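What TrEMBL records for CYS3-CYS30 is disulfide bond. Annotated domain 'CUB' per TrEMBL: 3-118, in sequence order. Taken from TrEMBL, the feature domain 'LCCL' covers 120-216. The domain 'F5/8 type C' annotation in TrEMBL covers 223-380. Look at TrEMBL and you will find 443-468 tagged as transmembrane segment.
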Amino acid sequence: DGCGHTVLGPESGTLASINYPRTSPNSTVCEWEIRVKPGQRVQLKFGDFDIDDSDSCHSSYLRVHNGIGPNRTEIGKYCGFGFQMDGLITSKSNEVTVQFMSGIHTFGRGFLAAYSTTDKSDLITCLDNASHFSEPEFNKYCPAGCVIPFADISGTIPHGYRDSSSLCMAGVHAGVVSNTLGGQINVVISKGIPYYEGSLANNVTSKVGPLSTSLFTFKTSGCYGTLGMESGVIPDSHITSSSTLEWPNQTGQVNIWKPENARLKRIGPPWAAFISDEHQWLQIDLNKEKKITGIITTGSTLAEHYYYVSAYRILYSDDAQKWTVYREPGMGKDKIFQGNTELYQEVRNNFIPPIIARFFRINPLKWHQKIAMKVELLGCQFSIGRAPKITLPAPPQNKNDEKNADFVDGFIHSVKTSLQTDKTTFTPEIKNTTVTPSVTKDVALAAVLVPVLVMVFTTLILILVCAWHWRNRKKKTEGTYDLPYWDRAGWWKGMKQFFPTKSSEHEETPVRYSSSEISHLRPREVPTMLQTESAEYAQPLVGGIVGTLHQRSTFKPEEGKEASYADLDPYNSPIQEVYHAYAEPLPVTGPEYATPIIMDMSSHPSTPLGAPSISTFKAAGNQAPPLVGTCNKLLSRTDSASSAQALYDIPKGQPGPGSADQLVYQVPQSVAHPTVSKDE
């Protein structure tokens, strides 16, 4: 009378003391006999151990034995409050006896333990949750029997489960492992969410949960897509039933709840049987063999008709003639699936192992008021070419061979329920339950090529956009009437005059050239030299050799040499244009605007020319001013040239220093002077 929760599977199981996790009653005893396949050994792991040790394990204890029966040998005797069992207890054979004895005590929860064969090195118990492991992804083996009433889970697929949930119990809820068989789970830890939904699946109720720091999901084979009831891929003609409910409403119109109405999430009435008994069924033809991994059901979904199916069996067939009832491996009876508890909630049940069949039939066993339901099937395509070839023994010839016939039937069922599709090296998360995955080489190749092509085309588009933008900027920088920059002669040297000076020393030391140096320059070299160094302000438009200028000075003659007409005049060259040697310095008391260039025309005879020069000069009185050409000597005013009588332009409205007859006007500097030879 001391046995608590117990599930003994063929390869694993779970056992606990009575009333666990509450205090076990006094004077109770329980003994478990565990057997696995011959040639294998048993390993035992404790999830919790809390047994009174006040009498040194005399009346309250847990004892483990090798073997079963009177020939068994003791492995160990254990007791203690909060006793921590390090490692696993391993047997020497395929049989183990576990004995629990409870004496007179006040405290002590008892124990909970799990067992499996020794090849399951990563065995955990039903009490382990995700917070016990620090790895972001890990594999563990869950024993059978982890649907326990004293453990809680929160969450569901595809969103995930709260980190406080039991790993193995959540695995059963998600359909990853079977409660009667146990199995391997692949757990992935990720960031938590603020709210966890509750649902009913595989006879496990998940509760609503609050915010947590992390959650976990499971990786599976990925065969959890819908097979076409909701989407309409399965035609109405492929959905049939044993009977159909027909009844007139208040207006006398006949309502027919046909089998094609049994589509999950379809608005309207469901399928309902005319007679409510255990012989009714709803049949679905999948058109070809499919791998069926689960089913989702609801009730009528009509508030005025509170109908639903609370329990059912599953049958399947290849020809719709001979039907097989679904059973879990190793179980000698049909599996009864838990259905709905109300008319709206979706309830999921998974088939472990999956069903391979074309025809699928639901046989209701329990219902509320009437048999009415909507369904959807989960699974994926099945590649029959990968199925192993089945070789059956000869049919029985006499009564002695009836055992062989039973073996054949069992073998066929085992093969049918264990065939699987192609395995892949990557198992997607169970979150992807809305689409049937199909992992092939083409998909893998496309997954690589598509991102590469997108990156290549994106790069090309960016290059074209940048080139177009650069070209537009070049066009905008060119003047409306200017030549393109590639057609301008010496465009780079011309741009250099706008650049700032290289150093302050250069600004303080202007560059000067003598008249003899100028005579050796070719006409095209003079403007080039003008552009060799930049100035603080724009260069004067008259010809000349100029460097960087001092403040309040434009040009300066050479040191220690006075300008005179004896110098070699560059203006006498018949092949050169007119360039002024240097400009007048600015007077200290001069006007604020630029000082004009003054010419003294009194000492030069006016030689008649064949063609008059274009000029804006105006002489005193009405006399025509003498023609100014390249033959006239230009006289610059310096401090030593006192004989040269030159006047500055006088601003309008101000008195000048001399008479009107002495005034001359500035030659516009932009007017080019023709080049002629000097008459001798």
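Using the three backbone atoms N, Cα and C, a Cβ is placed for every residue, glycine included.
Are these features on the surface or tucked inside, and what are their neighbours?
Around the Cβ of CYS30 (disulfide bond), the number of neighbouring Cβ atoms within 10 Å comes to 21.
DSSP assignment over the domain 'CUB' (3-118) gives 0 helix, 61 strand, 55 coil.
Confidence across the domain 'LCCL' (120-216), taken as the mean pLDDT and rounded to a whole number, stands at 93.
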Just to be sure I understand, if DSSP states are collapsed into helix, strand and coil, how many residues of the domain 'LCCL' (120-216) fall in each?
11 helix, 38 strand, 48 coil
